Amino acid sequence: MSAVCGGAARMLRTPGRHGYAAEFSPYLPGRLACATAQHYGIAGCGTLLILDPDEAGLRLFRSFDWNDGLFDVTWSENNEHVLITCSGDGSLQLWDTAKAAGPLQVYKEHAQEVYSVDWSQTRGEQLVVSGSWDQTVKLWDPTVGKSLCTFRGHESIIYSTIWSPHIPGCFASASGDQTLRIWDVKAAGVRIVIPAHQAEILSCDWCKYNENLLVTGAVDCSLRGWDLRNVRQPVFELLGHTYAIRRVKFSPFHASVLASCSYDFTVRFWNFSKPDSLLETVEHHTEFTCGLDFSLQSPTQVADCSWDETIKIYDPACLTIPA
């Protein structure tokens, strides 16, 4: 693997590994985890890459191999060294970056590929949710070797599961059944079902500044905002992508700014509160762009990864000026 620092972008090439997900550490500035797969995730192995910035661009701190493609990654909220990945063999893997050995624990219950995993952000609880092609969401306590609960209701692949950063025990899921669903761990069931698109929904995220606001990204190339107090119509719709939207993320620094990446090879930045909502289009990949994250420490820094075998950290121009 080779690092390049070109212009404002720091880049790491990952030969033979296609990027699926990227997430900045909530603790260490600049540290990035990236979940990758061989052969575009269709066959072969996977590798978890832990990267740090250096003078040359990006430095590989550690890598962990798994015997199937890795599709998502999430950092622990109470231990800076610990993170979880999920894979095509239906399992989740718990890793410790302070150790070069294999996973500390493997959780194998899903019957098909696990496409999404997220660690709860409210410090009072340490829970993980995973979403699978088997149409279920599972709830895990990482200290326990088996799931605590299984949530059923989706009628197709679950592509995205993400905890509310505001409400303990509440998470959202997005599915190929065209719905966004809000779940309550305490009730062990679904609270709200939103028919959000007339197409598969590949991603969702919560606004960091409004506990009632979520965004969905779908195969219909649209982003839609949803206010949980009234879900009959979206509160905003953002158009511009020309192929399916693979991932969407709200900014942790700006209440109305979000980013999306797509199978059209681009990353786009938006401010849904402005009439001209598209702030910037970044075109620096040559394949599907699947992973995307905002830095939690730097208001201007973003990371993405692509099937073109590159990982990039950069500062888009639109984030260096007031949104």
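Placed from the backbone N, Cα and C atoms, the Cβ positions cover glycine too.
Since this is a predicted model, take the numbers as computed values, not measurements.
Features reported for this protein in Swiss-Prot:
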| type | residues | note |
| --- | --- | --- |
| REPEAT | 65-96 | repeat 'WD 1' |
| REPEAT | 109-141 | repeat 'WD 2' |
| REPEAT | 153-184 | repeat 'WD 3' |
| REPEAT | 196-227 | repeat 'WD 4' |
| REPEAT | 240-271 | repeat 'WD 5' |
| REPEAT | 284-315 | repeat 'WD 6' |
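Across the repeat 'WD 3' (153-184), DSSP assigns 0 helix, 17 strand, 15 coil.
Under 8 Å from some Cβ of the repeat 'WD 3' (153-184) lie the Cβ atoms of residues 115-122, 124-125, 127, 129-133, 135-137, 190-206, 208, 211, 214, 216, 218, 226, 228, all in the same chain and six or more residues away from its ends. Sequence-distant contacts of the repeat 'WD 1' (65-96), counting only residues of its own chain at least 6 positions beyond either end whose CB sits under 8 Å from a CB of the stretch, comprise 20-23, 25-28, 33-39, 41-42, 44-48, 103-121, 123, 126, 128, 130, 132, 134, 140, 142. Under DSSP, residues within the repeat 'WD 4' (196-227) fall into helix, strand and coil as 0 helix, 18 strand, 14 coil. For the repeat 'WD 1' (65-96), DSSP puts the residue distribution at 0 helix, 20 strand, 12 coil. Cβ atoms under 8 Å from those of the repeat 'WD 4' (196-227) belong to residues 156-157, 159-160, 162-167, 172-176, 178-180, 234-252, 255, 258, 260, 262, 270, 272 of the same chain, restricted to positions at least 6 beyond its ends.
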